[in-house]
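Annotation comment: TrEMBL describes 72-94, 106-125, 137-154, 183-202, 208-229, 332-352, 373-393, 425-444, 456-481, 501-521 as transmembrane segment.
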Amino acid sequence: MSIPPNSSPTPQNDVVNGMADYSDRPAKRSLSGFWRSASYIMGAGAAERFAYFGVGTNLISYLTGEMGQSTAAAAASINLWAGAGLLLPLLGALAAESFLGRYPTVVCSSLLYILALGLLTTSAFVDGQGSPSELGIGYFFVSLYLIALGQGAYKPCITAFGADQFDEQDPLELRSRSSFFNWWYFGLSAGPLIPLLALNYVQDNISWVIGFGIPCVSQVIALVVFLLGRKSYRYNIKKNEKCTLNWGIVSPTIDAYSDEEDQVGLESIPHLKFLNKPLLVSGKMEEAKEMLTLIPLWAASLPFAIAISQSATLFTKQGITMDRSITPSIDLPAASLQYIIGLTIIILIPLYDRVLVPLARTLTGSPSGLTELERIGTGMLLCALSLVAAALVEQKRLRTAIRHGLADIPGARVPMSFCWLIPQYILYGFMEVFTYIGLQELFYDRVPCSLKSVGLSIFLSIMGMGQILSSLLICLIEEITSKSGGNGWFSDNTNRAHLDYFYWLLAGLNAVGFVAFLYFAKSFKSRRELVVIIVN
């Protein structure tokens, strides 16, 4: 990966405002932060993602196999667990911004993460001794949700802490911060890719105890790598009033802003016009309004979040029933098909950052090439297309099963190559590069400096709510479609199920979400635009 060198600061601009070094002295631009610090954080992030995905990518196989759950129940369990892990970051972020700080929160959550992974490993050992008891099942799920709690506090804080290493007041570092979000996601996708292929093989063919123990070791490595960079990091000065989350009573005084001036910010946003008067009681009304303008975009992104949760569950169940042979004696693990998404991200991000962004920058004048909203909208459109592709492939798979007389044989492998699934996985990779990274940058960049971790946790809550809505949707549809005693959309006999209907439904929901996003994006004001309006 090509990382741009740091600028050569003059003595006048060498001190980074509002930041301290590890000795609690003013941070110097030439000695701290920038890519030198970000590299440690990216390395730790890659190791942590290997630990998380080492558990999550093949979890449906463990639940339907070792734990004896049905397909629908396993998919719902995974969606609820993943959803909890993406909603819990709000608690970790509030703790970090209120009193702990981002760096201590990352360290503490890492320790909890390691403990939880250790408990999960012992749970797999106990369950492997025979049929799982109710106590064993409870122990397993407690371990699983402790992982969700640990990574929930870890994820928004380490991402925000990484972005903190780039000073937005310096033009070069501000431009590099946009690149950081691209390379951050690149590292999270590229780092675990090859090891996860081997790990899934270990889980499927050797031992789940070893398969869960390796992620625990990986999280220990993540913590060690993160601590190695402590002397090079920049830390927020918590006593800085502009970057501290204040839980005290807000003064009702309006700092030199008249009613008429204040209404400019939200007057052009019809669905938030009613908030002009109530927000006059806040001394930081422009920041509060700015956060509120993100709410409609949050809601419009939920169909995307529901769709993105299917790659680890239903896509994997599709792959299980297809021909995955590489050689006459070796089959590709169904869960490893998800790494096509990671491979697509690895190829696309360098092209995006080094080719598309400079080209778009010359056309638009934006430091990031495409604005966050343009990037997100592009990914949402690709999301709908990927679901259409998934539905068409599933229809072909069902027709093939019927043609070969396999429809009524549960678990029968359909003579149809797994390569048919590759287009939908590639499109998923494209939509993540555009929408997922775009949303992450939007919710970091458009919140006050005292709420960066909270902003990222709100972004993660989109994905968490999507997981939960997916679980509820699956349970509701399964209840309705199997009520008469026939095969529901999510029947355990995948050759009689109708995952294609579900994909068409999600494609329709994403089309609606895309239209809603376009509507709300037209009236969205960025933080910088809102400040300019108020100052003028």
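Just so you know, glycine gets a Cβ as well, placed from its N, Cα and C.
Scored by C-beta pairs under 8 angstroms, the transmembrane segment (501-521) has its highest count with 373-393, from the stretches 137-154, 183-202, 373-393, 425-444. Residues of the same chain lying 6 or more positions beyond the ends of the transmembrane segment (456-481) and with a Cβ under 8 Å from any Cβ of it are 72, 75-77, 79-80, 82-90, 92-94, 155-156, 159-160, 294, 298, 301-310, 439-440, 442-444, 488-490, 498, 502.
Relative to the transmembrane segment (332-352), the listed stretch 183-202 leads the set 72-94, 137-154, 183-202, 373-393, 425-444 in CB pairs under 8 A.
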